[in-house]
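K.L.:
Structure in structure tokens, see below.
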Amino acid sequence: MAKYIFVTGGVASSVGKGITVASIGRLLKARGVRVSVQKLDPYINVDPGTMSPYQHGEVFVTEDGAETDLDLGHYERFIDVNLTRLSNVTTGQIYSAVIQKERRGDYLGGTIQVIPHITNEIKSRIAAVARQTGADVVIVEIGGTVGDIEGLPFLEAIRQMRKDVGRDNVLYIHVTLLPHIGATGEVKTKPTQHSVMELRRVGITADVIVCRSDYPITDEIRDKIALFADVDVEAVVPLHTVDSIYEVPLVLEEAGLGAYLTQRLGLSASRPDLDDWRDLVARIKAPKRKLAIALVGKYVELHDAYISVVEALRHAGLHQGVDVDIRWISSEQIEEEGCEPLLHDVYGIVVPGGFGDRGIEGKIAAAEYARVNNVPYLGLCLGMQVATISFARHIMGPESRANSTEFDLHTPHPVIDFMPDQLDITDKGGTMRLGGYPCKLTPGTRAYAAYGVDVVVERHRHRFEFNNKYRRLFESAGMIVSGQSPDGRLVEIIELRNHPWYVGTQFHPEFQSRPDRPHPLFRDFVAAAAKTFREGDQRPLPLEQNGAVTEHEPHSR
């Protein structure tokens, strides 16, 4: 029988539950324990696919096409496992399922209530993870903060789980914040005491308290928390703020959490092997030269909107021995000020995914700037599409008004257009091309050199695609289709022939990058940027003109 670790949060949101859960998964995996992870989100949306990035951050897409919480990205990167739609459950999903069953008559005329119908549905989703993955331990994070009204059904469900599967098979971890009072220099425990009491009111007694703090906590503070929370001192685990999230598993291991969980759950575990992880952290902390990379987007005020892109860049930088210095550039600011003041000193440009026409001309300008000035460029989803639009306007002239039908339904040159199977779809949620699809690579291209295989599977999230009516024109002018669907109908990767490194992907490679195994395209993109950086950018830079190549003065960065 699988065992379950339930992780709740107290005092404040964003205390680091997701990273804590991912780190616990890493500690157990290092002991040979089979682990799976699940996130329970109390919001009423069915999934985050239609939510504003400003409210939710990134939408992480799983291999099987689920639009999920960004914490699943942390789980995958730390534990190195591909999760499925089972790993993210929302209140919207639970109520939708229960109402559908009621409409079918599954409840035989009974009165549908939160207990037992909603809680039973939640418990069935939790059990499904263990059943379908064969995990020894399922770690379940409950989103939000203890005391939130929308989280009560989830807390009741995990309370019942201890009775359903046996007390020895369930463990509760409470992640809480210890605020620091600057005026007195004290770390305060009172909010944690109250948070533990709030958890007890719903019938859950925490077995472990993980104490988040910006400062190291003393043994005296641990003793005090242990007394009021009624746990072993060993179960009060300090977790102070660190420079890199990848240090967290080592901090928790040093605090004895891995050994404590193994003992409390009676797991058959081997000696922990964290040597590779320690080496990873040592390389992260080693001094490195900074490499400026611009990330041009419309949600740059909230870095979590692009968290997988950020992590993929860091993974690639670590592999290349450089510290990627991300310059957050608003595409709307480019529209106002132009590219030169904002991009003149960067060595690579990334344009990530997005939707809507706000700031779109700034993204197109960034793609054009990278092409003209031979700055290494990586376009992701929309970033590939704006590169296509930029190239179309270059070879056909700005008066062509080449565009995507997403931004101009009446453009005379729709070089990016609706996918045929999207034309009759009116609903927004869960209706895009989602999840992993195969991509056949073209030998002799940068994409093929990066991957080193003929066919790859990458994750998608889009409604629009390259318009194949323009494919022959583009290829004759110097844009190569270096990846396509196996049937040849969908362009997946484009790149420029006469450029140091210019690649756009219709998919999202950032979702499959790992700290110890950077994604091949990010790896080679950062390598190209680092090469420019190390050479001092003194190369002559060719400027394409309708397929021809001319020389102009080196661009100064």
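Any Cβ shown, glycine's included, is placed from N, Cα and C.
Pasting the feature list from Swiss-Prot:
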- C381: active site, nucleophile (ACT_SITE)
- H508: active site (ACT_SITE)
- E510: active site (ACT_SITE)
- S13, K188, T189, K190, P191, T192, Q193, K224: UTP binding site (BINDING)
- S14, V15, G16, K17, G18, I19, D71: ATP binding site (BINDING)
- Y54, G354, L382, G383, M384, Q385, E406, R463: L-glutamine binding site (BINDING)
- 292-535: domain 'Glutamine amidotransferase type-1' (DOMAIN)
- 536-557: region 'Disordered' (REGION)
K.L.:
Enumerate the residues of the same chain, S14, V15, G16, K17, G18, I19, D71 excluded, that satisfy the criterion Cβ within 8 A of the mean position of the Cβ atoms of the recorded ATP site; list them in sequence order.
P.N.:
G9, T20, V21, V175
K.L.:
Would you mind checking how many other C-beta atoms are within 10 angstroms of the C-beta on G383 (L-glutamine binding site)?
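P.N.:
I count 27 other Cβ atoms within 10 Å of it.
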K.L.:
Which is it, of G16, G18, P191: the one of these binding-site residues whose Cβ has the most other Cβ atoms within 10 Å?
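P.N.:
The residue with the most neighbouring Cβ atoms within 10 Å is G18.
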K.L.:
Can you count the other CB atoms that lie within 10 A of the CB of E406 (L-glutamine binding site)?
P.N.:
19
K.L.:
Whole-number answer please: how many Å between the C-alpha atoms of G16 (ATP binding site) and T192 (UTP binding site)?
P.N.:
15
K.L.:
Report, as a single number, how many Cβ atoms besides its own are within 10 Å of the Cβ of Q193 (UTP binding site).
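P.N.:
By my count, 16.
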K.L.:
For the UTP binding residues given in the record (S13, K188, T189, K190, P191, T192, Q193, K224), what is the largest pairwise C-alpha separation in angstrom?
P.N.:
23
K.L.:
For V15 (ATP binding site), which of the three DSSP-derived states applies: helix, strand, or coil?
P.N.:
coil
K.L.:
Determine, to the nearest whole angstrom, how far the Cα atom of V15 (ATP binding site) is from the Cα atom of P191 (UTP binding site).
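P.N.:
The Cα atom of V15 (ATP binding site) is 13 Å away from the Cα atom of P191 (UTP binding site).
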K.L.:
Taking every protein chain in this structure into account, which of the binding-site residues T189, T192 has the most other Cβ atoms within 10 Å of its Cβ?
P.N.:
T192
